[in-house]
Amino acid sequence: MRVLLILLAFFAPIASQLMGGECGREGACSVNGKCYNGKLIETYWCRCKKGFGGAFCERECDLDCKRGEKCIYDVYGENPTCICQDCEDETPPTERTQKGCEEGYGGPDCKTPLFSGVNPCDSDPCNNGLCYPFYGGFQCICNNGYGGSYCEEGIDHCAQNECAEGSTCVNSVYNYYCDCPIGKSGRYCERTECALMGNICNHGRCIPNRDEDKNFRCVCDSGYEGEFCNKDKNECLIEETCVNNSTCFNLHGDFTCTCKPGYAGKYCEEAIDMCKDYVCQNDGYCAHDSNQMPICYCEQGFTGQRCEIECPSGFGGIHCDLPLQRPHCSRSNGTCYNDGRCINGFCVCEPDYIGDRCEINRKDFKFPDIQSCKYNPCVNNATCIDLKNSGYSCHCPLGFYGLNCEQHLLCTPTTCANGGTCEGVNGVIRCNCPNGFSGDYCEIKDRQLCSRHPCKNGGVCKNTGYCECQYGYTGPTCEEVLVIEKSKETVIRDLCEQRKCMDLASNGICNPECNLEECNFDGGDCSGGQRPFSKCQYPARCADQFANGVCNQECNNEECLYDGLDCQSELFRCPAHIRKHCIERRGDGVCNLECSFIGCGFDGGDCNNGTEAIILSDIRIKVQIDPIEFQATGGETLMQISANLRATVRIQRDELGPLVFRWDGEHEMERVEMNSSKLEDQFVLSHHVRRYRQAVVTGIVLYLEVEEICKPEFCRFSTAQSVVDLIAAGLVKSDGRMSLGLPITEAMVAVPKRNEIDEGWSRSQVILFACIAFLAFGTVVAGVIAKNGPERSRKRKMVNATVWMPPMESTNEKGRRNQSNHSSQCSLLDNSAYYHPNTKRHCSDYSTGYNGEQYSQIYPQTLANGYPGDYNELNFDFQSETFAPADLPADEIPLHVQAAGPDAITAPITNESVNQVDSKYRRRVLHWLAANVRGKPEDVITTEAIRCLKAGADVNARDCDENTALMLAVRAHRVRLSVVLLREGANPTIFNNSERSALHEAVVNKDLRILRHLLTDKRLLKEIDELDRNGMTALMLVARELGKHQVEMAELLLSKGAKLDYDGAARKDSNKYKGRTALHYAAMHDNEEMVIMLVRRSSNKDKQDEDGRTPIMLAAKEGCEKTVQYLALNDASLGIVDSMDMTAAQVAEASYHHELAAFLRQVANERHRNDIMRQQIVKSGHGAKSGRQTVKNIKRAGSRKTPTSAASSRETNHLTPPPSDGSFSSPSPHYYPTTTSTPNRMETSPEYMFNHEMAPPVNAMWYTTPPPYQDPNYRHVPPNTAFQNAEQMNGSFYC
């Protein structure tokens, strides 16, 4: 045991603590350790003080070590152990152990000869473990559950384990144990532990509950609801929450009542004395009306709201026209109305009435010439502003509100912005701002002087004076460390799989149980087709905290949608008494200061005063509101959107008027005839006239523009997509029902498309013209078909690519502009969310446009995070399965009609009738039988097909889409019919207009049974790697799709001769050629099972496509977490760069997958660290492994086994060089060969790497040895951990 501790004292600093870098950099080691530069260049290690351990001495050890010992951790940061303290001198152990020994000798006394070259592992002595040779012997490192000198002892105890579902059984020598997933505990992981799942219930508490599918439930705090208590409860929906005609406003986790004057309290239930501060002049006195409003009773001879107007001498009354010399009311001279009383000849009215005889309702009466600021109506030091023909408006100071600023404001959770705390002192509120913010409401973010307040923890100080923090840090100077709860994300992600959210995704229905960021918001069904948090550094965290009433600074940025505006004060509402006034004056060119703030839409930008502004246009939203209602309330709707976005919002327009269209639930219809003059009077129309327009629950489709008055570097929204994402995130919070307080169902960025048809043409004229054009086109097509004849076996269309030239800057700019002509964010509520549902449009559809719709989509569709995926190039035809273009034939041919119908055929079946051709679809009877969708039984279809074949039907006849009956049978999953057609000579190698054969159709349909039958045809086996129009083989099509039998189908194709790493090289001259293999497509679609199968079959993990991207790069770009982890942990190269000189980590970062980028950098750093350790070990003669090890002496001598070059059986790859003849000293560079490629470090796959695992151990220390074996039989299987090459030294021993 003492020997073991001595060994650990030497080995721990060498193996587990050698890092890349130098001691000179800040924070190389923590304050609990001292840094020493390593023997190798740019390496260092940390010597820890007593009581501390870890690679950087950052962890405090809780073991009570004896005197002369200290505590360390193993290389995994676990298993603390007491070892001897370091020697007093500061000489690194690597130098102490190597001093004085001659070359070829080592050991404490420099007398031990080093490795002689005999390979003792040739006989494979380790039964259930790995054999590692060294001088004079070998060591066996046993697998879990096995022991003994030769790993011969032990059994698999996991065969009959009782571990709960989701846990992992780990075998040991005498038993097994269950490795529990996050949130589970117990011997068999049978218990749910809420404490292990982090803050899984955001605003509530977690309670174990076996009746739930997740085995726990959340009990929400007051004001919150939802499965995970992350949704605000709208208390205002409860009847009479606020009383006395007050207005209820929902807040996050709470609500507030805006009381009518005269009432106070949380529910406005308390009547207050409004006369206390209400002064009536000239001996008038104050009273309350029925609404608790203060009114003044004036002495005769005075009038006015506060008795401030003196009437001419001898006159009185409210108009100063009542003679005071004679009584005005009496029994004979008239009475007082509305319960007024006649006192001393004049009427004294009830508080709600006024007039000389109390005949006027007070609320309908206005005193003459007093609705202006000259009478000082505003109180509490408010600023009064006269309104043109509308009276006045009071701008209240902090802490007051109301018509005349007479009401005191109460503190609410959202009174102060950016996490400030509100406190009320003597009726006046004050915001205490956090560090980095200032202003009355903490609404101003202070700029930092970088020289005085440098950014910490790796943050970067920008020109704006703000710090851009690294992942895991936040705060004005990045001083705060975030606690990222991976356990919570893991639990929810597992829940998504358990609920089969992938099957429910993109079906047009928002399923609340899948409305989580980890479930992609039900495939976009709950987010209007968007991925709103795709750019956010903390997507799951910020989606969870979005609009929850708590300011989270790490989410308070444009990429994370400003935390749902939680960090902004909610006091910005347009006062009711000037709301109409401000709507009428928005954007009229005159600055109305009373309207120039957030709540009233910044007066339409009129108070800009030359300040810079940014205008974001082409924001397309669908709103479930009646078009007629919107015609009347357009200005009010725009005001509401403006207030919620905190920016000016206007409707775009073109030369025909406002861009407002009807929406029938599926398509964008005709333009809504808005009253342009009225809207212009309201100034809710854009100032910019667009010269073209576009078209896609009923309602309207609006095209909006958002104007923000700001300098560009300080604007909240830099792109229109950010506004769309904010709207989409609001949809998420309501399960897809509304956003911005409106019933919005979808938002996207879309440029209205130019309407090429003359607006003056009628609909019937357009249809007539289209029909004529179609008939002419059909005649030409029929002539071509008749000329070429039906005897061709295939139709292949080769597209020759133009010669590529380096794009100029102007060309790139033009390309970016033109990109807007395709689609922004395709709606996931549409069937064409990711691809068109039909494999090919029928020939009759060409006249009506794509899918028969009037409008096209604008920006590239996305596969993952809101950025164009690799399937979205303009020339990529992403297509799926197809169906018959019509239920019934166009011609009334009896045999065709009966073949396509539900009943059996009764018409005569003759050689002439079975070969009769439909004039429109060019189909024959076999086509209609194979494509029958009318419910005809399968056995009847097969029997009738046999009868037609016997009558002489052409089995290989093709319709206008070049489809044979076999292709249609394959699409319809008709196995029996497919077998009959094959037996009768159907050619499965014929290609249709989509350039697909029956093989492609079968794999697209995921039909394993038909695939097995097709692969019995020898003609098809010879063309098993044929490409479709997108340059994809059947294996590639299988690899990209998820499904129950996909892996089995891929294995079947490979067993029948499909090439594993074929990249479509036969189409290199085509613009469809991408240079990708099946592994590329499996990786980019996160098909983990397929990736595992292909990698195990030795598919080239580092094959680069035409863009220089490897499978792991494509997976990183699309955010495929599981695939990236598997490839990275199975030695896929992380140092290769693509044509843009970007590594996999940089590709992930550019696509806003920050966590993936951090993971890839961690793995790359670990590899770099372990490579340095191995080199150090090799130089010092040490290479031990952890585990149960046994050393046996080998007395026989022998010659060294000559290393042989591993012959590669892969396809030749023009971008991926072959191994350098087995040399481990100078591997071929595996990166994209561009003129600017300057990778810091070459990296190769294990097949081409020097095998450091063969470094030979000796009995005492490690010494320099000759080059080790390069025998693939003794390769170490990479473990499933990020520390895949790390070596655990603590606990190892040799005998």
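Cβ coordinates come from backbone N, Cα and C, glycine included.
Quick look at what Swiss-Prot lists:
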DISULFID  Cys180-Cys189  disulfide bond
DISULFID  Cys220-Cys229  disulfide bond
DISULFID  Cys236-Cys248  disulfide bond
DISULFID  Cys259-Cys268  disulfide bond
DISULFID  Cys275-Cys286  disulfide bond
DISULFID  Cys373-Cys384  disulfide bond
DISULFID  Cys396-Cys405  disulfide bond
DISULFID  Cys469-Cys478  disulfide bond
DISULFID  Cys496-Cys519  disulfide bond
DISULFID  Cys510-Cys526  disulfide bond
DISULFID  Cys536-Cys560  disulfide bond
DISULFID  Cys551-Cys567  disulfide bond
DOMAIN    446-479  domain 'EGF-like 10'
REPEAT    961-990  repeat 'ANK 1'
REPEAT    994-1023  repeat 'ANK 2'
REPEAT    1074-1103  repeat 'ANK 4'
Of the disulfide-bonded residues listed as Cys248, Cys496, Cys560, the one whose CA lies nearest the CA of Cys567 (disulfide bond): Cys560
At the level of the C-alpha atoms, what whole-angstrom distance separates Cys469 (disulfide bond) and Cys275 (disulfide bond)? 55
If you compare CA-to-CA distances from Cys268 (disulfide bond) to each of the disulfide-bonded residues Cys229, Cys248, Cys373, Cys396, Cys551, which comes out shortest? Cys248
Reported in the order helix, strand, coil, what are the DSSP residue counts of the repeat 'ANK 1' (961-990)? 16 helix, 0 strand, 14 coil
Same chain only, sequence gap of 6 or more: which residues have a CB within under 8 Å of the CB of Cys275 (disulfide bond)? Cys286, Ala287, His288, Pro294
Mind checking how the repeat 'ANK 2' (994-1023) divides into helix, strand and coil residues in DSSP? 19 helix, 0 strand, 11 coil
Taking all residues of the repeat 'ANK 2' (994-1023) together, what is their mean pLDDT? 89
Translate the DSSP assignment of Cys229 (disulfide bond) into the three-state scheme. coil
Cys396 (disulfide bond) has how many other Cβ neighbours within 10 Å of its own Cβ? 21
Out of the disulfide-bonded residues Cys248, Cys259, Cys396, Cys536, give me the one sitting nearest to Cys496 (disulfide bond) by CA distance. Cys536
Per 10 Å Cβ neighbour count, which of the disulfide-bonded residues Cys268, Cys526 ranks highest? Cys526
Restricting to the same chain and to sequence separations of six or more, state which residues have a Cβ under 8 Å from that of Cys519 (disulfide bond). Ile492, Cys496, Arg499, Cys501, Ala505
Which one, from the disulfide-bonded residues Cys220, Cys236, Cys248, Cys478, has the smallest tally of other C-beta atoms lying within 10 Å of its C-beta? Cys236
